[in-house]
Amino acid sequence: MESSPLTTAFTIRPGLAFSTSYRASVYGQGSLQTGFYSSTCPKAESTVRSTVEKYFNRDATVAPGLLRLHFHDCFVQGCDASVLISGSSAEKSAFQNFGLRGFEVVDDAKLQLETACPGVVSCADILALAARDAVDLTGGPSWSVPLGRRDGMISSASEATSLPSPADSVAVQRQKFADKGLTDHDLVTLVGAHTIGQTDCLFFRYRLYNFTATGNADPSINQAFLGQLRALCPQNGDGSKRVALDKDSMSTFDVSFFKNVRDGNAVLESDQRLWEDGNTHDIVRNYAGNIRGLLGLRFDFEFRKSMIKMSSIGVKTGTQGEIRKICSKFN
(Lines of atoms letter the chains of each structure in order from A and count residues from 1; the text may use other names and numbers.)
(Lines give C-alpha, C1' and ligand atoms only; values in the text may rest on other atoms or scores of the structure.)
Protein backbone atom coordinates (compact mmCIF):
# COMPACT_ATOMS: atom_id res chain seq x y z
CA MET A 1 0.00 0.00 0.00
CA GLU A 2 1.37 3.38 -0.99
CA SER A 3 0.93 6.02 1.65
CA SER A 4 0.57 9.62 0.65
CA PRO A 5 3.39 12.04 1.51
CA LEU A 6 2.89 13.45 4.98
CA THR A 7 3.46 17.03 5.86
CA THR A 8 6.29 17.64 8.28
CA ALA A 9 4.50 20.58 9.85
CA PHE A 10 2.65 20.27 13.12
CA THR A 11 -0.08 22.04 15.00
CA ILE A 12 0.99 23.36 18.37
CA ARG A 13 -0.81 25.33 21.02
CA PRO A 14 0.01 29.04 20.61
CA GLY A 15 2.61 30.20 23.09
CA LEU A 16 4.03 26.74 23.75
CA ALA A 17 7.69 26.34 22.86
CA PHE A 18 8.30 22.95 21.27
CA SER A 19 10.52 20.83 23.48
CA THR A 20 11.17 17.12 23.46
CA SER A 21 11.39 17.20 27.24
CA TYR A 22 7.68 18.05 27.32
CA ARG A 23 6.70 14.54 26.29
CA ALA A 24 5.88 12.00 28.95
CA SER A 25 7.56 8.59 28.99
CA VAL A 26 6.07 6.13 26.50
CA TYR A 27 5.36 3.85 29.44
CA GLY A 28 3.07 6.43 30.98
CA GLN A 29 2.97 8.06 34.38
CA GLY A 30 2.13 6.03 37.44
CA SER A 31 -0.48 8.47 38.74
CA LEU A 32 -3.57 7.44 36.80
CA GLN A 33 -6.23 6.14 39.16
CA THR A 34 -9.72 4.70 39.04
CA GLY A 35 -12.38 6.99 40.47
CA PHE A 36 -10.26 10.04 39.66
CA TYR A 37 -13.34 12.26 39.22
CA SER A 38 -15.40 10.84 42.09
CA SER A 39 -15.36 14.13 44.01
CA THR A 40 -14.62 16.71 41.29
CA CYS A 41 -17.13 15.48 38.69
CA PRO A 42 -19.06 12.49 40.06
CA LYS A 43 -21.14 11.97 36.91
CA ALA A 44 -18.20 12.00 34.50
CA GLU A 45 -18.21 8.27 33.74
CA SER A 46 -22.00 7.92 33.60
CA THR A 47 -22.23 10.94 31.27
CA VAL A 48 -19.74 9.40 28.84
CA ARG A 49 -21.55 6.06 29.05
CA SER A 50 -24.97 7.51 28.31
CA THR A 51 -23.56 9.53 25.41
CA VAL A 52 -21.87 6.48 23.85
CA GLU A 53 -25.10 4.50 24.29
CA LYS A 54 -27.11 7.24 22.56
CA TYR A 55 -24.91 7.16 19.46
CA PHE A 56 -24.52 3.37 19.55
CA ASN A 57 -28.30 2.92 19.54
CA ARG A 58 -28.50 5.08 16.41
CA ASP A 59 -25.57 3.39 14.64
CA ALA A 60 -23.75 0.42 16.19
CA THR A 61 -20.73 0.94 13.90
CA VAL A 62 -19.71 3.90 16.05
CA ALA A 63 -18.39 1.39 18.63
CA PRO A 64 -15.39 0.12 16.62
CA GLY A 65 -14.88 3.72 15.50
CA LEU A 66 -14.37 4.88 19.09
CA LEU A 67 -12.07 1.96 19.87
CA ARG A 68 -9.90 2.73 16.82
CA LEU A 69 -9.89 6.44 17.69
CA HIS A 70 -8.48 5.71 21.17
CA PHE A 71 -5.87 3.31 19.77
CA HIS A 72 -4.71 5.84 17.18
CA ASP A 73 -4.56 8.53 19.85
CA CYS A 74 -2.36 6.46 22.16
CA PHE A 75 0.17 5.47 19.49
CA VAL A 76 1.01 9.09 18.62
CA GLN A 77 2.17 11.41 21.44
CA GLY A 78 0.61 9.03 23.98
CA CYS A 79 -3.03 8.95 25.13
CA ASP A 80 -3.46 12.71 25.20
CA ALA A 81 -6.32 13.46 22.76
CA SER A 82 -3.85 14.83 20.19
CA VAL A 83 -5.82 12.95 17.50
CA LEU A 84 -8.89 15.09 18.21
CA ILE A 85 -7.26 18.40 17.22
CA SER A 86 -8.48 19.90 13.94
CA GLY A 87 -6.09 21.49 11.44
CA SER A 88 -4.46 20.88 8.07
CA SER A 89 -1.23 19.65 9.65
CA ALA A 90 -2.76 18.09 12.77
CA GLU A 91 -2.51 14.38 13.54
CA LYS A 92 -6.03 13.51 12.35
CA SER A 93 -5.17 14.74 8.82
CA ALA A 94 -2.47 12.05 8.33
CA PHE A 95 -3.09 9.30 5.77
CA GLN A 96 -2.83 6.68 8.53
CA ASN A 97 -5.88 8.27 10.19
CA PHE A 98 -8.08 8.08 7.10
CA GLY A 99 -11.60 7.08 8.06
CA LEU A 100 -11.31 7.81 11.79
CA ARG A 101 -14.72 8.46 13.30
CA GLY A 102 -16.47 8.98 16.61
CA PHE A 103 -15.33 12.57 17.11
CA GLU A 104 -18.92 13.76 17.55
CA VAL A 105 -19.46 11.36 20.47
CA VAL A 106 -16.46 12.77 22.34
CA ASP A 107 -17.52 16.34 21.53
CA ASP A 108 -21.06 15.71 22.79
CA ALA A 109 -19.84 14.19 26.08
CA LYS A 110 -17.35 17.04 26.52
CA LEU A 111 -20.05 19.68 26.02
CA GLN A 112 -22.18 18.08 28.73
CA LEU A 113 -19.24 17.76 31.13
CA GLU A 114 -18.10 21.35 30.58
CA THR A 115 -21.58 22.43 31.60
CA ALA A 116 -21.61 20.19 34.69
CA CYS A 117 -17.95 20.51 35.76
CA PRO A 118 -16.10 23.19 33.75
CA GLY A 119 -12.40 22.58 33.17
CA VAL A 120 -12.26 19.28 35.02
CA VAL A 121 -12.58 16.25 32.71
CA SER A 122 -9.99 15.88 29.95
CA CYS A 123 -10.78 14.91 26.37
CA ALA A 124 -8.17 12.14 26.69
CA ASP A 125 -10.09 10.57 29.58
CA ILE A 126 -13.41 10.92 27.75
CA LEU A 127 -11.92 9.00 24.82
CA ALA A 128 -10.48 6.27 27.07
CA LEU A 129 -13.87 5.82 28.75
CA ALA A 130 -15.75 5.86 25.43
CA ALA A 131 -13.50 3.10 24.05
CA ARG A 132 -14.21 0.93 27.12
CA ASP A 133 -17.95 1.53 26.82
CA ALA A 134 -17.84 0.71 23.09
CA VAL A 135 -16.30 -2.70 23.80
CA ASP A 136 -18.84 -3.41 26.53
CA LEU A 137 -21.81 -2.48 24.31
CA THR A 138 -20.70 -4.93 21.59
CA GLY A 139 -20.64 -7.85 24.03
CA GLY A 140 -17.01 -7.57 25.08
CA PRO A 141 -15.57 -7.08 28.55
CA SER A 142 -15.80 -4.01 30.73
CA TRP A 143 -13.14 -2.73 33.11
CA SER A 144 -12.36 0.13 35.48
CA VAL A 145 -10.47 2.75 33.47
CA PRO A 146 -7.63 4.45 35.37
CA LEU A 147 -8.14 8.20 34.86
CA GLY A 148 -6.26 11.47 35.30
CA ARG A 149 -4.89 12.00 31.77
CA ARG A 150 -4.45 15.57 30.66
CA ASP A 151 -4.75 16.82 27.10
CA GLY A 152 -1.63 17.30 25.01
CA MET A 153 -0.63 20.55 23.33
CA ILE A 154 1.00 19.17 20.17
CA SER A 155 -0.71 17.45 17.25
CA SER A 156 1.48 16.53 14.28
CA ALA A 157 0.50 14.63 11.14
CA SER A 158 4.13 13.68 10.51
CA GLU A 159 4.28 11.70 13.76
CA ALA A 160 1.51 9.32 12.65
CA THR A 161 4.16 7.06 11.09
CA SER A 162 4.39 5.39 14.52
CA LEU A 163 0.96 3.84 13.88
CA PRO A 164 0.84 0.23 12.72
CA SER A 165 0.06 -0.11 9.01
CA PRO A 166 -2.12 -2.76 7.30
CA ALA A 167 0.91 -3.80 5.25
CA ASP A 168 3.33 -4.16 8.19
CA SER A 169 5.24 -7.40 8.69
CA VAL A 170 5.12 -8.96 12.15
CA ALA A 171 8.67 -7.70 12.75
CA VAL A 172 7.58 -4.11 12.07
CA GLN A 173 4.41 -4.49 14.14
CA ARG A 174 6.44 -5.99 16.97
CA GLN A 175 8.84 -3.03 16.97
CA LYS A 176 6.07 -0.43 16.87
CA PHE A 177 4.36 -2.07 19.84
CA ALA A 178 7.64 -2.57 21.72
CA ASP A 179 8.39 1.14 21.25
CA LYS A 180 5.26 1.76 23.33
CA GLY A 181 6.18 -0.79 26.01
CA LEU A 182 3.83 -3.45 24.63
CA THR A 183 4.68 -7.15 24.17
CA ASP A 184 3.82 -9.69 21.45
CA HIS A 185 1.01 -10.85 23.70
CA ASP A 186 -0.37 -7.29 23.86
CA LEU A 187 0.02 -6.98 20.08
CA VAL A 188 -2.09 -10.04 19.26
CA THR A 189 -4.61 -9.29 22.00
CA LEU A 190 -5.14 -5.68 20.92
CA VAL A 191 -5.33 -6.59 17.22
CA GLY A 192 -8.22 -8.80 18.36
CA ALA A 193 -10.20 -5.56 18.45
CA HIS A 194 -10.66 -6.26 14.72
CA THR A 195 -13.41 -8.64 15.84
CA ILE A 196 -15.67 -5.57 15.41
CA GLY A 197 -15.70 -2.97 12.70
CA GLN A 198 -14.79 -2.49 9.08
CA THR A 199 -11.95 -1.31 6.90
CA ASP A 200 -11.77 0.34 3.48
CA CYS A 201 -10.96 -1.54 0.27
CA LEU A 202 -7.96 0.75 -0.28
CA PHE A 203 -6.22 -0.75 2.78
CA PHE A 204 -6.18 -4.32 1.48
CA ARG A 205 -7.15 -4.40 -2.21
CA TYR A 206 -3.47 -4.74 -3.19
CA ARG A 207 -3.60 -8.27 -1.71
CA LEU A 208 -6.30 -9.33 -4.18
CA TYR A 209 -4.67 -8.40 -7.49
CA ASN A 210 -1.05 -8.52 -8.69
CA PHE A 211 0.27 -9.15 -5.19
CA THR A 212 2.95 -11.56 -6.43
CA ALA A 213 5.49 -11.07 -9.19
CA THR A 214 3.43 -13.38 -11.38
CA GLY A 215 0.28 -11.30 -10.93
CA ASN A 216 -1.54 -13.53 -8.47
CA ALA A 217 -3.29 -12.71 -5.21
CA ASP A 218 -1.67 -13.04 -1.78
CA PRO A 219 -1.34 -16.84 -1.46
CA SER A 220 -2.16 -16.71 2.26
CA ILE A 221 -5.79 -15.77 1.50
CA ASN A 222 -8.24 -18.67 1.65
CA GLN A 223 -9.39 -19.23 -1.95
CA ALA A 224 -13.11 -19.15 -1.16
CA PHE A 225 -12.64 -15.93 0.80
CA LEU A 226 -10.58 -14.41 -2.03
CA GLY A 227 -13.59 -14.65 -4.32
CA GLN A 228 -15.76 -12.91 -1.74
CA LEU A 229 -13.25 -10.10 -1.27
CA ARG A 230 -12.82 -9.56 -5.01
CA ALA A 231 -16.60 -9.29 -5.37
CA LEU A 232 -16.66 -6.66 -2.62
CA CYS A 233 -13.59 -4.79 -3.88
CA PRO A 234 -13.21 -4.86 -7.68
CA GLN A 235 -9.74 -3.95 -8.95
CA ASN A 236 -10.80 -0.49 -10.13
CA GLY A 237 -13.72 -0.03 -7.75
CA ASP A 238 -14.38 2.46 -4.96
CA GLY A 239 -11.45 2.38 -2.52
CA SER A 240 -13.58 3.80 0.28
CA LYS A 241 -16.06 0.91 0.25
CA ARG A 242 -16.30 -0.65 3.72
CA VAL A 243 -15.69 -4.35 4.40
CA ALA A 244 -16.07 -6.23 7.69
CA LEU A 245 -12.78 -7.10 9.42
CA ASP A 246 -14.45 -10.17 10.96
CA LYS A 247 -16.49 -11.84 8.25
CA ASP A 248 -18.52 -13.92 10.71
CA SER A 249 -19.63 -11.46 13.39
CA MET A 250 -18.50 -7.89 12.73
CA SER A 251 -20.87 -6.46 15.35
CA THR A 252 -20.02 -8.83 18.20
CA PHE A 253 -16.87 -8.74 20.33
CA ASP A 254 -15.76 -12.40 20.30
CA VAL A 255 -12.91 -14.74 19.28
CA SER A 256 -14.11 -15.44 15.73
CA PHE A 257 -11.52 -12.97 14.40
CA PHE A 258 -8.74 -15.32 15.56
CA LYS A 259 -10.42 -18.26 13.86
CA ASN A 260 -10.42 -16.22 10.65
CA VAL A 261 -6.69 -15.54 10.97
CA ARG A 262 -6.10 -19.26 11.54
CA ASP A 263 -8.16 -20.17 8.48
CA GLY A 264 -6.69 -17.62 6.05
CA ASN A 265 -9.73 -15.36 6.27
CA ALA A 266 -8.12 -12.21 7.68
CA VAL A 267 -8.83 -9.11 5.60
CA LEU A 268 -5.69 -7.12 6.44
CA GLU A 269 -2.26 -8.45 5.53
CA SER A 270 -0.86 -7.38 8.92
CA ASP A 271 -3.50 -9.52 10.65
CA GLN A 272 -2.88 -12.59 8.48
CA ARG A 273 0.89 -12.41 9.04
CA LEU A 274 0.33 -13.04 12.77
CA TRP A 275 -0.34 -16.69 11.86
CA GLU A 276 3.04 -17.04 10.14
CA ASP A 277 5.33 -15.82 12.94
CA GLY A 278 6.20 -18.50 15.49
CA ASN A 279 5.54 -16.42 18.58
CA THR A 280 2.36 -14.66 17.47
CA HIS A 281 1.07 -17.87 15.84
CA ASP A 282 0.87 -19.60 19.23
CA ILE A 283 -1.04 -16.69 20.78
CA VAL A 284 -3.54 -16.61 17.88
CA ARG A 285 -3.95 -20.40 18.08
CA ASN A 286 -4.70 -20.23 21.81
CA TYR A 287 -7.39 -17.60 21.31
CA ALA A 288 -8.85 -19.44 18.29
CA GLY A 289 -9.31 -22.79 20.07
CA ASN A 290 -12.55 -24.68 19.84
CA ILE A 291 -13.86 -24.35 23.40
CA ARG A 292 -15.82 -21.20 22.66
CA GLY A 293 -16.91 -20.25 26.16
CA LEU A 294 -13.58 -20.82 27.87
CA LEU A 295 -11.54 -19.03 25.23
CA GLY A 296 -13.98 -16.16 25.04
CA LEU A 297 -13.48 -15.63 28.76
CA ARG A 298 -9.70 -15.84 28.37
CA PHE A 299 -9.66 -13.28 25.56
CA ASP A 300 -11.98 -10.97 27.49
CA PHE A 301 -9.69 -11.14 30.53
CA GLU A 302 -6.51 -10.55 28.51
CA PHE A 303 -8.07 -7.77 26.43
CA ARG A 304 -8.93 -5.84 29.59
CA LYS A 305 -5.34 -6.05 30.78
CA SER A 306 -3.82 -5.01 27.46
CA MET A 307 -6.26 -2.11 27.06
CA ILE A 308 -5.40 -0.72 30.49
CA LYS A 309 -1.72 -1.01 29.58
CA MET A 310 -2.18 0.64 26.18
CA SER A 311 -4.33 3.45 27.54
CA SER A 312 -1.47 4.43 29.87
CA ILE A 313 1.05 5.04 27.06
CA GLY A 314 2.74 8.43 27.32
CA VAL A 315 0.02 10.03 29.43
CA LYS A 316 0.32 13.60 30.64
CA THR A 317 -0.68 14.03 34.29
CA GLY A 318 -0.42 16.54 37.12
CA THR A 319 0.64 19.90 35.68
CA GLN A 320 1.51 18.55 32.22
CA GLY A 321 -0.71 19.50 29.30
CA GLU A 322 -4.07 21.13 29.88
CA ILE A 323 -7.78 20.39 30.19
CA ARG A 324 -9.23 21.52 26.86
CA LYS A 325 -12.53 23.39 26.81
CA ILE A 326 -13.25 22.09 23.29
CA CYS A 327 -11.66 18.79 22.26
CA SER A 328 -10.81 19.86 18.71
CA LYS A 329 -8.98 23.04 19.78
CA PHE A 330 -6.14 23.92 22.12
CA ASN A 331 -7.18 26.40 24.82
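Each residue, glycine too, has its Cβ placed from N, Cα and C.
Summarising the environment of E91 (Ca(2+) 1 binding site), the number of other Cβ atoms within 10 Å of its Cβ, over all protein chains shown, is 29. Look at TrEMBL and you will find D73, V76, G78, D80, S82, E91 tagged as Ca(2+) 1 binding site.
A sphere of 10 angstroms centred on the C-beta of H194 (heme b binding site) encloses 25 other C-beta atoms. Among the features that TrEMBL reports, heme b binding site is placed at H194.
Marked as disulfide bond by TrEMBL: C41-C117 (among others). The number of other CB atoms found within 10 A of the CB of C41 (disulfide bond), across every protein chain shown, is 18.
If you look up TrEMBL, you'll see C74-C79 (among others) marked as disulfide bond.
Annotated disulfide bond per TrEMBL: C123-C327 (among others), in sequence order.
Annotated disulfide bond per TrEMBL: C201-C233 (among others), in sequence order. All protein chains included, C233 (disulfide bond) registers 22 other Cβ atoms within 10 Å of its own Cβ.
Mean pLDDT for the domain 'Plant heme peroxidase family profile' (31-331) in this predicted model: 95. If you look up TrEMBL, you'll see 31-331 marked as domain 'Plant heme peroxidase family profile'.
A C-beta separation below 8 Å, combined with a sequence spacing of at least six in one chain, links C117 (disulfide bond) to Y37, T40, C41, A44. It is 15 Å from the Cα atom of C201 (disulfide bond) to that of H194 (heme b binding site).
For the pair C79 (disulfide bond) and D73 (Ca(2+) 1 binding site), the C-alpha distance works out to 6 angstrom.
Of the candidate recorded positions, V76, G78, E91, C327, the one lying closest to C233 (disulfide bond) when CA atoms are compared is E91. The Cβ neighbour count for C123 (disulfide bond), using a 10 Å radius and every protein chain shown, is 30. V76 (Ca(2+) 1 binding site) sits 16 Å from C327 (disulfide bond), counting Cα to Cα.
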